């Protein structure tokens with residue numbers, strides 16, 4: 001059903017928004033928050049009719065009085081009519097001004113400059129500054145004033161000011177107001193999260209369930225990022241989320257628990273309850289999510305199912321066969337024993353939960369994972385929790401938006417639409433969203449862009465906080481001197497899941513002396529914008545599996561910003577921890593001596609892959625360390641196996657020259673790759 005905003009109806013009725021809001025509450029018992037609230041057209045028409053009838057009644061009474069007065073004194077009436085006409089014209093003008101809602105203006109953040117509010121008020125700078133002076137505030141054109149001051153200033157000019165994020169909230173409420181009555185709801189598939197300690201066999205269990213090999217393709221057999229998969233059993237679908245088991249990825253596990261219906265807690269029969277198992281249990285209890293325990297590795301010689309059940313009772317989980325209500329299923333991912341029993345228990349539990357959704361409403365759900373793909377742009381894995389998402393739909397995701405250009409299911413097949421409980425990979429977003437962000441389908445891309453822009457502006461304003469410079473090496477001294485009360489970190493990684501994990505782990509390091517705050521986290525190479533943000537907020541930049549580009553390196557050297565890069569997530573955490581405790585004593589420092597761009601690639605059967613490269617900065621030296629960087633992400637790290645200038649071996653090749661090179665144990669060099677050459681330089685130990 002169509003709706004109309006309060007301010008629009010006020011204009012039609014020729015009254016102010018405030019008057020209409022009061023009227024709605026007192027006479028019609030309709031509660032509205034502000035002028036941007038929407039009411040049904042049916043209610044609006046009723047209000048118009050009632051007010052119209054009231055006006056007619058008053059008008060008839062006035063006309064009767066006028067006839068009586070005219071009969072008594074026709075000359076006086078003639079003069080009064082002239083005055084009355086002028087008065088009516090004047091009143092009409094005032095009412096017209098009121099109908100424009102006293103000139104309602106909006107603010108997108110907590111502060112606004114004098115120049116901006118002058119433009120919004122359509123007043124000269126001098127008038128606004130004069131009013132501020134009368135209020136006891138001395139402000140220049142570019143100076144900012146807070147919302148309270150702006151509100152008082154607007155009132156001086158008979159204007160009303162509102163924060164735009166309230167409007168945004170109402171916009172989304174209107175967009176998402178769909179009928180959720182029982183007749184519209186249909187049964188949906190359960191969403192299952194698999195949790196547990198590292199090496200207890202979560203991925204192997206999923207592998208056994210899906211009857212496909214994914215464990216062998218992942219480094220070290222450990223799932224590094226959340227994946228979503230759908231399997232079918234007896235014609236019924238089940239959606240699985242696979243969350244990593246490392247303690248550092250607590251945030252990713254917590255995110256999984258928020259979108260799941262049932263948790264499968266994997267516990268190794270030969271290992272029992274471990275730290276990550278305890279954390280998983282805590283997340284399930286906090287989210288009030290039903291839990292099924294899969295006791296894995298029952299084929300191992302040291303397996304003890306009863307011992308696991310005994311340990312579970314310490315956390316309030318009593319097995320059904322022990323008189324409790326926790327479902328425990330012994331399984332073996334290796335021999336496939338108990339897999340069917342586990343799936344049956346999942347379907348049985350989902351039937352008890354009576355999971356339902358409305359597939360005919362606008363889609364909404366959660367971002368499971370997001371990344372930047374070289375050929376396809378921003379790619380996001382979405383889990384649809386309600387409604388149906390189609391190719392061509394416009395969506396808003398956190399502070400980004402887009403129109404879906406293509407959609408793929410978990411098998412990689414191109415699909416046109418997807419309903420509740422379905423994981424999909426989509427293309428078409430303007431930027432890479434945050435993992436865990438909610439997404440909402442909106443009517444058109446313009447609406448999505450508007451909401452995303454408001455959110456982005458708010459986030460940007462929160463970033464720009466500044467203090468003084470700090471580096472990791474002298475952090476402890478500055479803490480002791482009291483010059484550092486807050487350590488700001490900018491975290492960049494190759495995928496969003498790693499950003500979130502680092503953020504969660506780093507912020508836990510806060511102490512009474514210094515608070516650790518991740519002021520920004522993003523996906524992709526470290527760029528100049530990150531350095532600018534670090535400069536403004538006195539931050540340190542941490543890179544995980546990514547490298548800074550040339551502009552970022554130049555800017556960091558110019559502004560004195562510390563950039564640290566890591567391949568292992570725990571090294572980053574330990575470095576910050578050690579620096580804060582005053583135990584950071586580096587023995588070697590990495591020095592980048594040069595970079596080269598691969599212009600051409602030659603494959604020689606007896607030798608391997610040879611790259612023809614152009615030295616962009618510094619120099620390349622034989623036997624020095626070398627990294628292969630593709631799209632800002634470190635692909636491989638080793639050392640230069642050979643370095644030639646024409647046909648001759650060269651010890652080093654300087655900037656501006658071309659050379660031929662090969663990387664030790666690496667043959668997948670491609671045109672456009674950047675080769676970064678570095679040496680490890682010994683430095684004196686520091687006592688911080």
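Keep in mind that glycine also has a Cβ here, set from the backbone N, Cα and C atoms.
Quick look at what Swiss-Prot lists:
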REGION    53-100  region 'Disordered'
COMPBIAS  53-62  compositional bias 'Basic and acidic residues'
COMPBIAS  86-95  compositional bias 'Basic and acidic residues'
DOMAIN    187-354  domain 'tr-type G'
BINDING   196-203, 242-246, 296-299  GTP binding site
REGION    196-203  region 'G1'
REGION    221-225  region 'G2'
REGION    242-245  region 'G3'
REGION    296-299  region 'G4'
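Over all protein chains present, the Cβ of residue 196 (GTP binding site) has 25 other Cβ atoms lying within 10 Å.
The sparsest Cβ neighbourhood within 10 Å, among the listed binding-site residues (199, 202), is found at 199. For the region 'G4' (296-299), DSSP puts the residue distribution at 0 helix, 1 strand, 3 coil. In three-state terms derived from DSSP, residue 196 (GTP binding site) belongs to an extended strand segment.
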